[in-house]
Amino acid sequence: MYGIEYTTALTFLISFLLLRYMLKSVVKMMDFIVYKFLLVILILSPYIKAQNYGINLPITGSMDTAYANSTQSETFLTSTLCLYYPTEAATEISDNSWKDTLSQLFLMKGWPTGSVYFKEYANIAAFSIDPQLYCDYNVVLMKYDASLQMDMSELADLILNEWLCNPMDITLYYYQQTDETNKWISMGSSCTIKVCPLNTQTLGIGCLTTNANTFEEIATAEKLAITDVVDGVNHKLDVTTATCTIRNCKKLGPRENVAIIQVGGSDVIDITADPTTTPQTERMMRVNWKKWWQVFYTVVDYVNQIISAMSKRSRSLNSAAFYYRV
């Protein structure tokens, strides 16, 4: 009896040791296969390029770009402020140290030296082609010009709001705007936009799809054009593509780290395309026009009240994304 029990125990022990050995062998083999597979992927990954394809893609190309906060290397700074002004301001002031003077005045308002950046632009037309806003807070000074009301209004609409944009191939496709937030934005040295609305049979309504001269012209030789057409209707477009880039864009909402100060003019420019809404926005302000020194003094005096109507963010508007991002 005892011999049978010893034999059973010995058989069980041998089976256990054999199973343990087999499991260890399997684990070692799997480790070898996995590590070898990862090594092959690591070696081949620099030489492999993949592309995702989709159908009916939504509007996804952003005009915003993430950027490293310019104050990160300076621990004593908490925020940056960019003040954009036209060239004529510097020309009128004609003082090589005027920026240093303003920096000292901003310091007295709580903005440390080095946290305020002065950005010059040639004129509204030039700024419309390539607006770039990089600071935590951005304040744009625009001198009122009756002949440039439309340019000022569209520039304000562009920089005071966030947009998602996709390229448009107007030679192959018809396009329609889905709702009031959907616009076509054109930028370039000269943008002339013509449209031909289509019926359900894709025949032109009041125009011939084969003759661009019969299209309705809705923008002529503009630097920046935000086009709004009848929603839900297909349109054939004719655009001066040699000097202009057009994108299908959707307005997401306010870009709250940007404010515009209109210098002069009787009323603040209306930037709202929808006639049923109140045009005024807290970040669209106006100061009286006297001299540029007076304008800058006013900005310094009210800078903290202006900032209180804004929200800090670490994203920037870079119009280069408008031209190149898909």
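Including glycine, each Cβ sits where the backbone N, Cα and C put it.
Of the listed residues CYS82, CYS135, CYS244, CYS249, CYS244 is the one Swiss-Prot pairs with CYS191, by disulfide bond.
Looking at CYS82, CYS135, CYS165, the record from Swiss-Prot puts CYS249 in a disulfide bond with CYS165. Counting only the Cα atoms, the space from VAL229 (Ca(2+) 2 binding site) to THR214 (Ca(2+) 1 binding site) is about 17 angstrom. Among the recorded positions CYS82, CYS196, CYS207, THR214, CYS249, the ones whose Cα sits within 10 Å of the Cα of GLN177 (Ca(2+) 2 binding site) are CYS249, in sequence order. In this structure, THR214 is the one among the binding-site residues GLN177, THR214 with the smallest number of other Cβ atoms inside 10 Å of its Cβ. Annotation note: CYS196 (disulfide bond) sits in a strand segment as assigned by DSSP. Note: CYS207 (disulfide bond) has non-local neighbours CYS196, PRO197, THR214, PHE215, GLU216, i.e. same-chain residues 6+ apart with C-beta under 8 A of its own C-beta. Considering only the binding-site residues ASP95, GLY206, ASP228, the residue whose Cα is spatially closest to the Cα of CYS191 (disulfide bond) is ASP228. Sequence-distant neighbours of ASP231 (Ca(2+) 2 binding site): residues of the same chain at least 6 apart with a C-beta under 8 Å from its C-beta are GLN176, GLN177, THR178, ASP179, GLU180, ASN182.
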